[in-house]
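Report on one structure; see the data block that follows.
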Amino acid sequence: MDEDLVLALQLQEEWNLQVSEREPAQEPLSLVDASWELVDPTPDLQGLFVLFNDRFFWGQLEAVEVKWSVRMTLCAGICSYEGRGGMCSIRLSEPLLKLRPRKDLVETLLHEMIHAYLFVTNNDKDREGHGPEFCKHMHRINRLTGANITVYHTFHDEVDEYRRHWWRCNGPCQNSKPYYGYVKRATNRAPSAHDYWWAEHQKTCGGTYIKIKEPENYSKKGKGKTKLRKQPVSEAENKDKPNRGEKQLLIPFTGKGYVLGETSNFSSGKCITSHAINESQEPLSQDHSANALRPHSKTEVKFEQNGPSKKTSVASPVLSTSHQNVLSNYFSKVSVASSKAFRSVSGSPVKSLTVGDSTTKSVSAGSQRRVTSSRTSLRNSLKAMESTYVTVPQDAGGPEGKLPSKRPRIEDKTFFDLFFIKKEQAQSGGGDVTSSSHPPAAAQSPSGASGQSRVVHCPVCQDEVSETQINEHLDWCLERDSTQVKS
(Lines of atoms letter the chains of each structure in order from A and count residues from 1; the text may use other names and numbers.)
(Lines give C-alpha, C1' and ligand atoms only; values in the text may rest on other atoms or scores of the structure.)
Protein backbone atom coordinates (compact mmCIF):
# COMPACT_ATOMS: atom_id res chain seq x y z
CA MET A 1 0.00 0.00 0.00
CA ASP A 2 2.83 2.37 0.69
CA GLU A 3 4.24 1.87 -2.78
CA ASP A 4 0.87 2.64 -4.36
CA LEU A 5 0.52 5.84 -2.36
CA VAL A 6 3.96 7.03 -3.34
CA LEU A 7 3.18 6.40 -7.04
CA ALA A 8 -0.07 8.32 -6.80
CA LEU A 9 1.62 11.32 -5.28
CA GLN A 10 4.23 11.37 -8.01
CA LEU A 11 1.59 11.32 -10.72
CA GLN A 12 -0.28 14.14 -9.04
CA GLU A 13 2.80 16.31 -8.96
CA GLU A 14 3.46 15.71 -12.62
CA TRP A 15 -0.12 16.67 -13.45
CA ASN A 16 0.10 19.86 -11.45
CA LEU A 17 3.28 20.84 -13.28
CA GLN A 18 1.63 20.33 -16.66
CA VAL A 19 -1.41 22.39 -15.65
CA SER A 20 0.76 25.25 -14.39
CA GLU A 21 2.55 25.37 -17.70
CA ARG A 22 -0.70 25.57 -19.68
CA GLU A 23 -2.29 28.45 -17.72
CA PRO A 24 -0.12 31.29 -19.18
CA ALA A 25 -0.83 30.07 -22.71
CA GLN A 26 -4.60 30.39 -22.19
CA GLU A 27 -4.42 34.13 -21.45
CA PRO A 28 -5.90 36.34 -24.26
CA LEU A 29 -3.43 37.75 -26.71
CA SER A 30 -2.68 41.45 -26.74
CA LEU A 31 -4.24 43.61 -29.48
CA VAL A 32 -0.76 44.37 -30.74
CA ASP A 33 0.69 40.89 -30.41
CA ALA A 34 3.10 39.89 -33.17
CA SER A 35 1.11 36.72 -33.90
CA TRP A 36 -1.74 38.84 -35.30
CA GLU A 37 0.46 39.75 -38.25
CA LEU A 38 0.21 36.13 -39.42
CA VAL A 39 -3.32 35.35 -38.24
CA ASP A 40 -5.05 38.51 -39.53
CA PRO A 41 -2.63 40.81 -41.39
CA THR A 42 -5.39 42.89 -43.09
CA PRO A 43 -8.30 43.17 -40.66
CA ASP A 44 -11.73 44.57 -41.45
CA LEU A 45 -11.85 48.20 -40.39
CA GLN A 46 -15.57 48.22 -39.55
CA GLY A 47 -15.21 44.94 -37.62
CA LEU A 48 -12.43 46.32 -35.45
CA PHE A 49 -14.43 49.51 -34.82
CA VAL A 50 -17.48 47.57 -33.59
CA LEU A 51 -15.29 45.36 -31.34
CA PHE A 52 -13.42 48.26 -29.77
CA ASN A 53 -16.63 50.25 -29.28
CA ASP A 54 -18.16 47.47 -27.17
CA ARG A 55 -15.02 46.67 -25.14
CA PHE A 56 -13.53 50.10 -24.42
CA PHE A 57 -16.19 52.78 -25.08
CA TRP A 58 -19.37 51.13 -23.70
CA GLY A 59 -21.17 51.29 -27.07
CA GLN A 60 -21.29 55.10 -27.17
CA LEU A 61 -19.91 55.38 -30.71
CA GLU A 62 -22.77 53.75 -32.64
CA ALA A 63 -23.50 56.99 -34.53
CA VAL A 64 -19.87 57.50 -35.56
CA GLU A 65 -18.81 56.74 -39.14
CA VAL A 66 -15.45 55.15 -39.95
CA LYS A 67 -13.98 54.85 -43.45
CA TRP A 68 -10.76 54.84 -45.46
CA SER A 69 -9.38 57.92 -47.20
CA VAL A 70 -7.39 57.40 -50.38
CA ARG A 71 -6.23 61.03 -50.71
CA MET A 72 -5.03 61.80 -47.19
CA THR A 73 -1.23 61.46 -47.07
CA LEU A 74 -0.08 64.01 -44.46
CA CYS A 75 -1.60 62.38 -41.35
CA ALA A 76 -2.52 58.82 -40.39
CA GLY A 77 -6.06 59.60 -39.25
CA ILE A 78 -8.51 62.40 -38.58
CA CYS A 79 -11.77 62.76 -36.65
CA SER A 80 -14.27 65.27 -38.08
CA TYR A 81 -16.99 66.73 -35.85
CA GLU A 82 -20.42 67.70 -37.21
CA GLY A 83 -22.22 69.92 -34.75
CA ARG A 84 -23.39 69.06 -31.23
CA GLY A 85 -25.75 66.27 -32.28
CA GLY A 86 -23.18 63.53 -31.73
CA MET A 87 -22.43 63.02 -35.44
CA CYS A 88 -18.79 62.66 -36.39
CA SER A 89 -16.68 60.61 -38.80
CA ILE A 90 -13.29 58.93 -38.53
CA ARG A 91 -11.09 58.71 -41.62
CA LEU A 92 -7.89 56.70 -41.77
CA SER A 93 -5.19 57.20 -44.39
CA GLU A 94 -5.10 54.19 -46.67
CA PRO A 95 -1.86 55.23 -48.48
CA LEU A 96 0.06 55.50 -45.18
CA LEU A 97 -1.33 52.59 -43.16
CA LYS A 98 -1.20 50.01 -45.94
CA LEU A 99 2.61 50.19 -45.77
CA ARG A 100 2.69 49.86 -41.97
CA PRO A 101 2.21 46.78 -39.73
CA ARG A 102 -1.17 45.86 -38.24
CA LYS A 103 -0.14 47.29 -34.86
CA ASP A 104 -0.08 50.84 -36.27
CA LEU A 105 -3.57 50.43 -37.70
CA VAL A 106 -4.99 49.35 -34.33
CA GLU A 107 -3.29 52.13 -32.39
CA THR A 108 -4.31 54.81 -34.91
CA LEU A 109 -7.93 53.62 -34.83
CA LEU A 110 -8.02 53.66 -31.02
CA HIS A 111 -6.47 57.15 -31.02
CA GLU A 112 -9.24 58.56 -33.22
CA MET A 113 -11.94 56.68 -31.30
CA ILE A 114 -10.86 58.47 -28.11
CA HIS A 115 -11.38 61.82 -29.88
CA ALA A 116 -14.83 60.69 -31.03
CA TYR A 117 -15.77 59.49 -27.54
CA LEU A 118 -14.87 62.81 -25.96
CA PHE A 119 -16.99 64.61 -28.53
CA VAL A 120 -20.02 62.31 -28.28
CA THR A 121 -20.13 62.39 -24.47
CA ASN A 122 -19.76 66.22 -24.46
CA ASN A 123 -16.63 65.85 -22.37
CA ASP A 124 -14.37 67.54 -24.91
CA LYS A 125 -12.68 69.91 -22.49
CA ASP A 126 -9.29 69.60 -24.13
CA ARG A 127 -8.73 72.77 -26.11
CA GLU A 128 -5.56 71.40 -27.68
CA GLY A 129 -7.05 67.98 -28.47
CA HIS A 130 -4.63 65.90 -26.38
CA GLY A 131 -5.21 67.25 -22.88
CA PRO A 132 -5.76 65.43 -19.59
CA GLU A 133 -9.10 63.89 -20.62
CA PHE A 134 -7.57 62.37 -23.72
CA CYS A 135 -4.52 61.10 -21.84
CA LYS A 136 -6.73 59.50 -19.16
CA HIS A 137 -8.54 57.31 -21.70
CA MET A 138 -5.29 56.67 -23.58
CA HIS A 139 -3.54 55.24 -20.51
CA ARG A 140 -6.61 53.22 -19.57
CA ILE A 141 -6.73 51.46 -22.93
CA ASN A 142 -2.96 50.93 -22.98
CA ARG A 143 -3.15 49.07 -19.65
CA LEU A 144 -6.02 46.87 -20.84
CA THR A 145 -4.67 45.97 -24.27
CA GLY A 146 -0.92 46.32 -24.01
CA ALA A 147 -0.95 48.79 -26.91
CA ASN A 148 1.16 51.92 -27.14
CA ILE A 149 -1.27 54.69 -28.10
CA THR A 150 0.51 58.06 -28.38
CA VAL A 151 -0.43 61.61 -29.30
CA TYR A 152 1.70 61.57 -32.47
CA HIS A 153 2.80 59.13 -35.18
CA THR A 154 6.20 58.27 -36.60
CA PHE A 155 5.24 57.65 -40.24
CA HIS A 156 7.61 60.31 -41.53
CA ASP A 157 9.18 58.10 -44.19
CA GLU A 158 5.80 57.17 -45.64
CA VAL A 159 4.71 60.81 -45.68
CA ASP A 160 7.87 61.83 -47.53
CA GLU A 161 7.34 59.02 -50.02
CA TYR A 162 4.09 60.59 -51.20
CA ARG A 163 5.52 64.12 -51.42
CA ARG A 164 6.63 63.84 -55.02
CA HIS A 165 6.06 67.41 -56.19
CA TRP A 166 8.95 69.67 -55.18
CA TRP A 167 9.46 73.41 -55.54
CA ARG A 168 12.42 75.52 -54.47
CA CYS A 169 12.68 79.26 -54.04
CA ASN A 170 15.37 81.11 -55.99
CA GLY A 171 15.61 83.84 -53.35
CA PRO A 172 17.64 84.21 -50.17
CA CYS A 173 15.55 81.67 -48.23
CA GLN A 174 17.17 78.77 -50.11
CA ASN A 175 20.16 79.08 -47.77
CA SER A 176 18.24 79.33 -44.48
CA LYS A 177 17.21 76.50 -42.17
CA PRO A 178 15.17 74.36 -41.72
CA TYR A 179 13.64 73.99 -45.19
CA TYR A 180 16.34 75.59 -47.37
CA GLY A 181 13.69 76.95 -49.71
CA TYR A 182 12.04 73.57 -50.43
CA VAL A 183 8.29 72.99 -50.58
CA LYS A 184 7.27 69.32 -50.94
CA ARG A 185 3.67 68.33 -51.56
CA ALA A 186 1.73 65.23 -52.49
CA THR A 187 -0.45 67.15 -54.97
CA ASN A 188 0.55 69.36 -57.86
CA ARG A 189 -0.32 72.65 -56.12
CA ALA A 190 2.36 75.30 -56.43
CA PRO A 191 2.96 77.75 -53.55
CA SER A 192 0.72 80.79 -53.93
CA ALA A 193 -1.17 83.44 -52.00
CA HIS A 194 -3.53 80.74 -50.69
CA ASP A 195 -0.82 79.57 -48.26
CA TYR A 196 -0.85 81.21 -44.84
CA TRP A 197 2.92 81.84 -44.91
CA TRP A 198 2.95 83.45 -48.37
CA ALA A 199 2.73 87.07 -47.17
CA GLU A 200 5.60 86.62 -44.72
CA HIS A 201 7.71 84.97 -47.42
CA GLN A 202 7.13 87.86 -49.81
CA LYS A 203 8.27 90.33 -47.17
CA THR A 204 11.38 88.49 -46.01
CA CYS A 205 12.52 86.79 -49.22
CA GLY A 206 10.49 87.85 -52.25
CA GLY A 207 11.80 84.96 -54.36
CA THR A 208 9.94 82.82 -56.89
CA TYR A 209 9.27 79.11 -56.46
CA ILE A 210 10.38 76.92 -59.35
CA LYS A 211 9.31 73.30 -59.70
CA ILE A 212 12.33 70.99 -59.61
CA LYS A 213 10.83 67.51 -59.23
CA GLU A 214 7.68 65.56 -60.08
CA PRO A 215 6.72 61.88 -60.58
CA GLU A 216 7.98 60.10 -63.67
CA ASN A 217 5.85 60.53 -66.80
CA TYR A 218 3.53 62.84 -64.84
CA SER A 219 3.40 65.51 -67.55
CA LYS A 220 2.72 62.98 -70.31
CA LYS A 221 -0.06 61.34 -68.35
CA GLY A 222 -1.65 64.68 -67.59
CA LYS A 223 -1.58 65.81 -71.23
CA GLY A 224 -3.00 62.52 -72.43
CA LYS A 225 -5.89 62.72 -69.99
CA THR A 226 -6.71 66.29 -70.89
CA LYS A 227 -6.70 65.49 -74.60
CA LEU A 228 -8.94 62.49 -74.16
CA ARG A 229 -11.35 64.49 -72.07
CA LYS A 230 -11.48 67.60 -74.22
CA GLN A 231 -11.86 65.96 -77.63
CA PRO A 232 -15.36 64.53 -77.10
CA VAL A 233 -16.53 67.77 -75.51
CA SER A 234 -15.28 69.91 -78.40
CA GLU A 235 -16.74 67.54 -80.96
CA ALA A 236 -20.08 67.49 -79.21
CA GLU A 237 -20.19 71.28 -78.99
CA ASN A 238 -19.18 71.89 -82.61
CA LYS A 239 -21.27 69.07 -84.03
CA ASP A 240 -24.39 71.13 -84.55
CA LYS A 241 -22.62 74.45 -85.09
CA PRO A 242 -21.55 75.58 -88.57
CA ASN A 243 -17.96 76.55 -89.20
CA ARG A 244 -17.02 80.21 -89.21
CA GLY A 245 -16.14 80.07 -92.90
CA GLU A 246 -19.51 78.65 -93.86
CA LYS A 247 -22.48 80.93 -94.37
CA GLN A 248 -25.88 80.03 -93.09
CA LEU A 249 -28.60 79.85 -95.72
CA LEU A 250 -31.44 82.18 -94.81
CA ILE A 251 -34.74 80.89 -96.19
CA PRO A 252 -37.32 83.71 -96.42
CA PHE A 253 -40.90 83.18 -95.33
CA THR A 254 -43.04 82.11 -98.30
CA GLY A 255 -46.31 83.27 -96.77
CA LYS A 256 -47.71 79.76 -96.41
CA GLY A 257 -47.95 78.32 -92.95
CA TYR A 258 -49.06 74.98 -91.58
CA VAL A 259 -52.64 73.81 -91.25
CA LEU A 260 -53.63 72.22 -87.97
CA GLY A 261 -54.09 68.47 -88.44
CA GLU A 262 -52.15 68.44 -91.70
CA THR A 263 -49.97 65.39 -92.42
CA SER A 264 -47.02 64.88 -94.74
CA ASN A 265 -49.27 63.39 -97.44
CA PHE A 266 -51.04 66.71 -97.82
CA SER A 267 -47.94 68.86 -98.03
CA SER A 268 -48.11 69.15 -101.83
CA GLY A 269 -51.85 69.65 -101.94
CA LYS A 270 -53.87 72.80 -102.44
CA CYS A 271 -56.24 73.86 -99.72
CA ILE A 272 -59.70 75.09 -100.73
CA THR A 273 -62.79 75.79 -98.67
CA SER A 274 -66.32 74.74 -99.52
CA HIS A 275 -69.60 75.32 -97.79
CA ALA A 276 -71.14 72.09 -99.12
CA ILE A 277 -70.56 69.07 -96.90
CA ASN A 278 -72.32 66.70 -99.29
CA GLU A 279 -70.39 66.21 -102.55
CA SER A 280 -73.58 66.01 -104.63
CA GLN A 281 -74.84 69.36 -103.34
CA GLU A 282 -74.26 72.33 -105.61
CA PRO A 283 -71.90 75.00 -104.26
CA LEU A 284 -73.26 78.34 -103.34
CA SER A 285 -72.79 81.34 -105.56
CA GLN A 286 -69.65 83.42 -105.23
CA ASP A 287 -71.39 86.76 -104.81
CA HIS A 288 -71.27 88.82 -101.67
CA SER A 289 -74.30 87.16 -100.14
CA ALA A 290 -72.84 83.66 -100.55
CA ASN A 291 -69.39 84.61 -99.32
CA ALA A 292 -70.63 86.26 -96.14
CA LEU A 293 -69.36 83.88 -93.48
CA ARG A 294 -69.18 84.15 -89.76
CA PRO A 295 -65.73 83.49 -88.30
CA HIS A 296 -67.15 80.80 -86.00
CA SER A 297 -68.99 78.89 -88.74
CA LYS A 298 -67.49 75.51 -89.66
CA THR A 299 -66.66 74.51 -93.20
CA GLU A 300 -65.03 71.48 -94.70
CA VAL A 301 -61.38 71.66 -95.76
CA LYS A 302 -60.32 69.69 -98.84
CA PHE A 303 -56.83 69.04 -100.14
CA GLU A 304 -56.55 68.55 -103.90
CA GLN A 305 -53.66 66.43 -105.15
CA ASN A 306 -52.70 64.63 -108.31
CA GLY A 307 -54.66 61.64 -107.08
CA PRO A 308 -58.18 61.48 -105.63
CA SER A 309 -59.25 64.23 -103.27
CA LYS A 310 -58.95 63.64 -99.55
CA LYS A 311 -60.92 65.16 -96.73
CA THR A 312 -59.80 66.14 -93.32
CA SER A 313 -61.57 67.17 -90.20
CA VAL A 314 -63.80 70.24 -90.15
CA ALA A 315 -61.81 73.42 -89.49
CA SER A 316 -62.48 77.13 -89.45
CA PRO A 317 -61.84 78.72 -92.87
CA VAL A 318 -59.74 81.75 -93.67
CA LEU A 319 -61.95 84.54 -94.97
CA SER A 320 -61.19 85.61 -98.52
CA THR A 321 -61.22 89.14 -99.88
CA SER A 322 -64.86 88.91 -100.97
CA HIS A 323 -65.88 87.75 -97.50
CA GLN A 324 -64.07 90.62 -95.91
CA ASN A 325 -65.69 93.10 -98.29
CA VAL A 326 -69.18 91.90 -97.41
CA LEU A 327 -68.42 91.96 -93.71
CA SER A 328 -66.94 95.42 -93.96
CA ASN A 329 -70.06 96.66 -95.81
CA TYR A 330 -72.41 95.15 -93.26
CA PHE A 331 -70.42 95.64 -90.07
CA SER A 332 -68.89 99.06 -90.44
CA LYS A 333 -65.75 99.53 -88.34
CA VAL A 334 -65.37 103.27 -88.95
CA SER A 335 -64.94 105.12 -85.68
CA VAL A 336 -67.50 107.79 -84.79
CA ALA A 337 -64.59 110.05 -83.88
CA SER A 338 -63.60 110.29 -87.56
CA SER A 339 -64.52 113.73 -88.88
CA LYS A 340 -64.51 112.44 -92.47
CA ALA A 341 -67.12 109.74 -91.90
CA PHE A 342 -69.32 111.43 -89.28
CA ARG A 343 -70.46 114.94 -88.44
CA SER A 344 -72.03 116.28 -85.26
CA VAL A 345 -75.69 117.32 -85.45
CA SER A 346 -77.26 118.53 -82.21
CA GLY A 347 -74.67 116.57 -80.24
CA SER A 348 -75.29 113.25 -82.03
CA PRO A 349 -72.91 111.69 -84.59
CA VAL A 350 -74.41 111.59 -88.11
CA LYS A 351 -72.75 109.99 -91.11
CA SER A 352 -71.25 112.48 -93.50
CA LEU A 353 -72.77 112.99 -96.98
CA THR A 354 -69.40 113.13 -98.66
CA VAL A 355 -68.57 110.34 -101.09
CA GLY A 356 -65.03 109.00 -101.37
CA ASP A 357 -64.49 106.42 -98.67
CA SER A 358 -65.63 102.88 -99.43
CA THR A 359 -66.98 102.49 -95.91
CA THR A 360 -69.19 105.68 -95.92
CA LYS A 361 -72.74 105.54 -97.25
CA SER A 362 -75.06 108.24 -98.55
CA VAL A 363 -78.23 109.10 -96.67
CA SER A 364 -80.31 109.33 -99.83
CA ALA A 365 -83.20 106.98 -100.45
CA GLY A 366 -81.34 105.11 -103.17
CA SER A 367 -78.36 104.46 -100.94
CA GLN A 368 -80.68 103.27 -98.18
CA ARG A 369 -82.29 100.81 -100.57
CA ARG A 370 -78.85 99.50 -101.56
CA VAL A 371 -77.88 99.03 -97.93
CA THR A 372 -81.18 97.34 -97.21
CA SER A 373 -80.79 95.03 -100.22
CA SER A 374 -77.25 94.10 -99.20
CA ARG A 375 -78.45 93.34 -95.68
CA THR A 376 -81.33 91.30 -97.06
CA SER A 377 -79.02 89.29 -99.31
CA LEU A 378 -76.62 88.76 -96.43
CA ARG A 379 -79.33 87.44 -94.14
CA ASN A 380 -80.74 85.25 -96.93
CA SER A 381 -77.33 83.67 -97.45
CA LEU A 382 -76.91 83.08 -93.73
CA LYS A 383 -80.37 81.56 -93.60
CA ALA A 384 -79.52 79.30 -96.54
CA MET A 385 -76.35 78.19 -94.75
CA GLU A 386 -78.37 77.43 -91.61
CA SER A 387 -80.80 75.29 -93.61
CA THR A 388 -77.85 73.55 -95.26
CA TYR A 389 -76.34 72.63 -91.89
CA VAL A 390 -79.70 71.33 -90.69
CA THR A 391 -80.42 69.16 -93.77
CA VAL A 392 -76.91 67.79 -94.37
CA PRO A 393 -76.95 65.06 -91.66
CA GLN A 394 -80.14 63.63 -93.19
CA ASP A 395 -78.84 63.56 -96.78
CA ALA A 396 -75.33 62.35 -96.06
CA GLY A 397 -75.02 58.67 -96.82
CA GLY A 398 -71.33 57.83 -96.42
CA PRO A 399 -69.33 57.76 -93.25
CA GLU A 400 -67.83 61.12 -94.18
CA GLY A 401 -71.22 62.74 -94.56
CA LYS A 402 -72.50 61.61 -91.18
CA LEU A 403 -72.23 64.45 -88.73
CA PRO A 404 -73.65 64.26 -85.23
CA SER A 405 -76.52 66.61 -84.57
CA LYS A 406 -75.15 69.24 -82.26
CA ARG A 407 -76.62 72.23 -80.60
CA PRO A 408 -75.82 75.43 -82.54
CA ARG A 409 -73.02 77.53 -81.16
CA ILE A 410 -74.08 80.48 -79.06
CA GLU A 411 -71.71 82.70 -81.00
CA ASP A 412 -73.54 82.03 -84.30
CA LYS A 413 -75.43 85.21 -85.31
CA THR A 414 -77.75 83.28 -87.64
CA PHE A 415 -79.02 81.23 -84.73
CA PHE A 416 -79.84 84.38 -82.78
CA ASP A 417 -81.61 86.01 -85.74
CA LEU A 418 -83.82 82.98 -86.37
CA PHE A 419 -84.53 82.62 -82.67
CA PHE A 420 -85.77 86.20 -82.24
CA ILE A 421 -87.81 86.06 -85.47
CA LYS A 422 -89.64 82.94 -84.29
CA LYS A 423 -90.18 84.47 -80.88
CA GLU A 424 -91.72 87.61 -82.38
CA GLN A 425 -94.02 85.49 -84.55
CA ALA A 426 -95.24 83.59 -81.51
CA GLN A 427 -95.90 86.79 -79.57
CA SER A 428 -97.78 88.50 -82.42
CA GLY A 429 -99.91 85.39 -83.07
CA GLY A 430 -98.80 85.01 -86.67
CA GLY A 431 -99.61 88.56 -87.61
CA ASP A 432 -97.41 91.04 -89.36
CA VAL A 433 -94.55 92.25 -87.29
CA THR A 434 -94.91 95.72 -88.74
CA SER A 435 -98.17 96.17 -86.83
CA SER A 436 -96.35 96.12 -83.52
CA SER A 437 -96.83 98.42 -80.61
CA HIS A 438 -94.05 100.71 -81.85
CA PRO A 439 -95.52 103.62 -83.87
CA PRO A 440 -93.66 105.09 -86.83
CA ALA A 441 -91.32 107.96 -86.40
CA ALA A 442 -93.84 110.46 -87.79
CA ALA A 443 -96.40 109.55 -85.13
CA GLN A 444 -93.85 110.07 -82.40
CA SER A 445 -93.40 113.74 -83.03
CA PRO A 446 -91.27 115.61 -80.56
CA SER A 447 -93.98 118.27 -80.28
CA GLY A 448 -96.01 115.91 -78.10
CA ALA A 449 -93.60 116.30 -75.24
CA SER A 450 -93.66 119.73 -73.75
CA GLY A 451 -90.38 121.31 -72.92
CA GLN A 452 -88.33 118.69 -74.87
CA SER A 453 -87.68 120.16 -78.33
CA ARG A 454 -84.23 118.55 -78.86
CA VAL A 455 -84.14 116.44 -82.03
CA VAL A 456 -81.52 113.83 -83.00
CA HIS A 457 -80.98 111.76 -86.13
CA CYS A 458 -81.48 108.00 -86.15
CA PRO A 459 -78.19 106.26 -87.12
CA VAL A 460 -80.15 103.59 -89.06
CA CYS A 461 -82.76 105.44 -91.14
CA GLN A 462 -81.46 109.02 -90.66
CA ASP A 463 -84.89 110.29 -89.59
CA GLU A 464 -85.29 113.10 -87.09
CA VAL A 465 -86.51 111.72 -83.78
CA SER A 466 -86.94 113.22 -80.35
CA GLU A 467 -84.10 112.48 -77.99
CA THR A 468 -86.47 110.89 -75.49
CA GLN A 469 -87.90 108.54 -78.15
CA ILE A 470 -84.62 107.48 -79.82
CA ASN A 471 -84.34 104.13 -78.00
CA GLU A 472 -87.86 103.01 -78.96
CA HIS A 473 -87.31 104.21 -82.50
CA LEU A 474 -84.10 102.17 -82.82
CA ASP A 475 -85.94 99.05 -81.63
CA TRP A 476 -88.62 99.67 -84.24
CA CYS A 477 -85.99 100.06 -86.99
CA LEU A 478 -84.32 96.80 -86.05
CA GLU A 479 -87.66 94.97 -85.99
CA ARG A 480 -88.45 96.35 -89.43
CA ASP A 481 -85.16 94.96 -90.76
CA SER A 482 -85.92 91.56 -89.27
CA THR A 483 -89.38 91.63 -90.88
CA GLN A 484 -87.82 92.34 -94.25
CA VAL A 485 -85.49 89.39 -93.83
CA LYS A 486 -88.45 87.18 -93.01
CA SER A 487 -90.36 88.34 -96.09
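The backbone N, Cα and C atoms fix where each Cβ goes, and this holds for glycine too.
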State the residue range annotated as motif 'PIP-box' by Swiss-Prot; the candidates are 84-91, 132-139, 148-155, 324-331.
324-331
Pick from 7-34, 175-202, 455-482: which range does Swiss-Prot record as zinc finger?
455-482
Counting other Cβ atoms within 10 Å of each Cβ, which of the binding-site residues H111, H115, H130 scores lowest?
H130
What other residues of the same chain, not counting H111, H115, H130, have a CB atom within 8 A of the CB centroid of the Zn(2+) 1 site?
C79, E112, I114, G129, F134, M138, V151
